[in-house]
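Quick look at what Swiss-Prot lists:
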- Asp43, Asp108: Mg(2+) binding site (BINDING)
- Tyr78: site 'Interaction with target DNA' (SITE)
Amino acid sequence: MEYKKLHSWKLIPEKAIELQKLLSKKLTFKPLSKEINLVAGVDLSFVKDYGLAVIVILDKNMELIKVYHHIEKITFPYIPGLLAFREGPIFLKAWKKVNHNVDVVFFDGHGISHPRSMGIASHMGLWIEQPTIGIAKKILFGNYVEPENKKFSFTYITYKNQKIGIVLRSRENVKPIFISPGNLITLDESLELTKQFITKYKLPEPTRLAHKYSQLLKKQFNEELQ
């Protein structure tokens, strides 16, 4: 799939932070305009000094259609809050290989529940111009109250009285997941779509399967490096 080139990735951390603040003003949150038929799940992992991006394509019945991946050397250091500069270029190379028209992309990571509203789901949402949702296992930014211990109970992640995400109990007796819109989707739709793709597991199928294949490919690549 094609994408829009927004900026150079060759930035020092201070300039990257400035850029995030500027890009956050370009985010749009609006209802989805078409029925959901295909979705993508994205997971990024690392093997030594290489980054691996995995994109899985699922239909609305959660059937796996295709797995895409790309691996290359990392060019940006690990800095909390700037992970998109480390992971984004690798994801975009994998995205270029995708030949399915997906309706929503789920990222393992955050959307606007980020200090500058620029988690990986938001940042990449601007590049690919597709509705994106961030699904995370840990809070990065904002305040919340723990939801009840019932499946699909939820509370909001807030910052300065603004709702920036949702804390969802996807299963009883497990820690909640943290959902936030990335771009071109509303907070409520981010929640409803996530719920639609949850089965018996904690994570929704798009990011769960992306992580599963990421681990398999990472192991394979790691063996090749030996």
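Cβ atoms here come from the backbone N, Cα and C positions, even for glycine.
Shown here: features listed in Swiss-Prot, placed on the structure.
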residue : record                             : Cβ neighbours (10 Å)
Asp43   : Mg(2+) binding site                : 28
Tyr78   : site 'Interaction with target DNA' : 9
Asp108  : Mg(2+) binding site                : 24
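A straight line from the CA of Tyr78 (site 'Interaction with target DNA') to the CA of Asp43 (Mg(2+) binding site) spans 16 Å. Annotation note: Asp108 (Mg(2+) binding site) sits in a strand segment as assigned by DSSP.
Tyr78 (site 'Interaction with target DNA') falls within neither a helix nor a strand when secondary structure is assigned with DSSP, and so counts as coil.
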